[in-house]
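Asks: Here it is, the structure in full.
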């Protein structure tokens with residue numbers, strides 16, 4: 001037994017790709033691999049694209065106060081201006097899947113930054129509401145590209161041992177961008193009204209410049225390189241982004257199998273089938289999906305829908321309005337309160353990144369959504385009391401502010417990052433780019449609907465009622481996640497499909513996979529491509 005040999009000092013092992021945490025818990029003597037610094041740097045650079053969306057969300061929440069005053073727009077125009085970028089981003093997210101398969105993940109990131117740069121400049125120099133909407137359209141396309149490509153690229157360069165940690169980076173940078181947007185609001189709020197909001201929006205062009213320069217230091221995704229038949233380049237990237245040479249060989253073997261390339265092909269450049277360039281993917285996703293692909297698609301789209309339908313963008317975009325309803329009337333007070341929201345979101349998302357590969361996706365996701373239900377319900381209760389009172393109620397105001405902060409913290413520690421991690425790692429290789437773009441499209445549509453109807457919604461059913469509605473959606477999401485979502489922690493991207501296909505029977509499949517791996521390891525000291533043992537020698 002290989003495991004017995006470990007305990008007696010007969011065999012020295014080093015796990016390169018852990019299958020899941022529960023199995024790893026039975027091997028306390030095994031030393032975890034150190035985080036791959038090159039993969040870490042690649043993930044940081046790719047995830048910088050997410051700052052673009054975060055900054056726009058954060059800055060618009062405060063800039064709209066001055067835009068409404070300067071351009072004399074009504075509440076309906078305000079709603080549309082706030083949320084339309086999410087709808088516009090559909091163009092980018094739908095095109096990004098095809099673009100990333102065509103020119104590669106790396107140059108798609110460059111394209112995202114360039115488009116957003118132009119959009120930010122147009123918004124900063126806008127002279128009218130119509131001009132501003134044109135800038136929002138261009139920036140929205142860039143945001144759509146960035147949202148889709150960052151988690152896909154990061155998942156494809158990350159070793160399984162730290163994929164959750166690294167793939168959560170896009171959400172980290174979204175939160176960092178939101179905080180920068182809030183700080184920008186406060187910093188430029190002292191300028192004349194007609195200049196302040198233009199500086200707030202125009203400064204968003206700066207991060208895209210650094211992004212374009214940083215991408216030059218990034219390698220192309222090894223999975224995309226294999227899809228193009230460029231095995232030599234892919235092997236070099238995998239050697240740098242894996243925890244060991246053995247893991248790099250294993251990852252290359254699995255990617256070749258997923259891409260339909262025979263294992264005996266070892267040339268630096270090989271011919272690949274045309275289907276590997278993205279043709280026929282939509283047919284496999286939508287028209288003739290296998291049970292596993294159908295399950296994956298429902299999970300990938302569902303998590304994106306519930307992330308936004310539970311009201312996060314309403315809270316972030318309209319936080320000054322919420323704080324105003326809670327009793328904070330001064331502009332400085334509202335802007336400072338929103339800075340606190342951004343700070344809490346950023347701190348908690350940083351905590352979440354270190355928990356994803358230790359605790360797992362499911363525990364964090366379920367605890368996060370349950371906490372969101374409680375905080376949204378309490379927020380709706382406190383806002384209802386304030387709304388029906390003719391005088392200030394200090395405890396209700398304090399409870400309202402506390403629940404806003406609690407809600408964004410609970411969202412950021414689970415629902416926020418896991419949405420991007422989960423949806424980027426569950427799709428099979430050939431379907432990953434288009435599948436991820438579908439998830440982003442649903443995310444942006446849902447966000448746009450929430451953002452563009454929030455004012456009308458709370459005027460129709462009261463602001464407390466709006467948050468009771470969001471709490472109800474979060475309750476449905478809790479049941480949905482509990483029933484249909486398997487744990488993916490530690491699984492290689494190529495073995496994900498084995499966990500999906502039986503909507504209610506995935507637990508049994510996970511047990512079978514775990515037992516199969518355990519038997520292989522205990523039987524001959526190897527895992528036949530599932531767990532790799534390094535430096536296995538008999539003393």
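Just so you know, glycine gets a Cβ as well, placed from its N, Cα and C.
Caution: TrEMBL annotation is automatic and unverified by curators.
Not measured: the values here are computed from a predicted model.
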Asks: What range among 165-183, 222-240 does TrEMBL record as transmembrane segment?
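Replies: Among 165-183, 222-240, the range TrEMBL annotates as transmembrane segment is 165-183.
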Asks: Looking at 368-386, 425-443, 444-462, 501-519, which one is transmembrane segment according to TrEMBL?
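Replies: Of the candidate stretches, TrEMBL labels 368-386 as transmembrane segment.
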Asks: Looking at 301-323, 393-415, I want to know which stretch TrEMBL calls transmembrane segment.
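Replies: The range carrying the transmembrane segment annotation in TrEMBL is 393-415.
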Asks: May I ask for the residues of the chain that lie six or more residues beyond the transmembrane segment (195-218) and have a Cβ under 8 Å from a Cβ within it?
Replies: 41-42, 45-46, 48-49, 51-52, 55-56, 59-60, 62-63, 66-67, 70, 106, 109-110, 112-114, 116-117, 120-121, 123-126, 135, 139, 142, 177, 181, 184-185, 188-189
Asks: Under 8 Å, at least 3 Cβ pairs, sequence separation 6 or more: does that hold for the transmembrane segment (335-356) versus the transmembrane segment (38-68)?
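Replies: Contact criterion met.
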Asks: Between the stretches 109-131, 165-183, 368-386, 393-415, which wins on the count of C-beta pairs under 8 angstroms to the transmembrane segment (38-68)?
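Replies: Checked against 109-131, 165-183, 368-386, 393-415; highest Cβ contact count belongs to 165-183.
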Asks: Please indicate, using numbers and ranges, the residues of the same chain that are 6 or more beyond the transmembrane segment (80-97) and have a C-beta under 8 Å from a C-beta there.
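Replies: Those are 53, 56, 60, 64, 67, 73, 108, 112, 115, 129, 132-133, 136-137, 139-149, 278, 313, 317-318, 433-438, 440-441, 444-445, 447-453, in sequence order.
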Asks: Which residues, given as numbers and ranges, are at least 6 beyond the ends of the transmembrane segment (393-415) yet have a Cβ under 8 Å from it?
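Replies: Residues 171, 175, 306-307, 310, 312, 315-316, 319, 322-323, 326-328, 337, 340-341, 344-349, 351-352, 355, 364-369, 371-372, 375-376, 378-379, 382-383, 385-386.
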Asks: Note the mean pLDDT of the coiled coil (231-258), expressed as a whole number.
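Replies: For the coiled coil (231-258), the model's average pLDDT rounds to 86.
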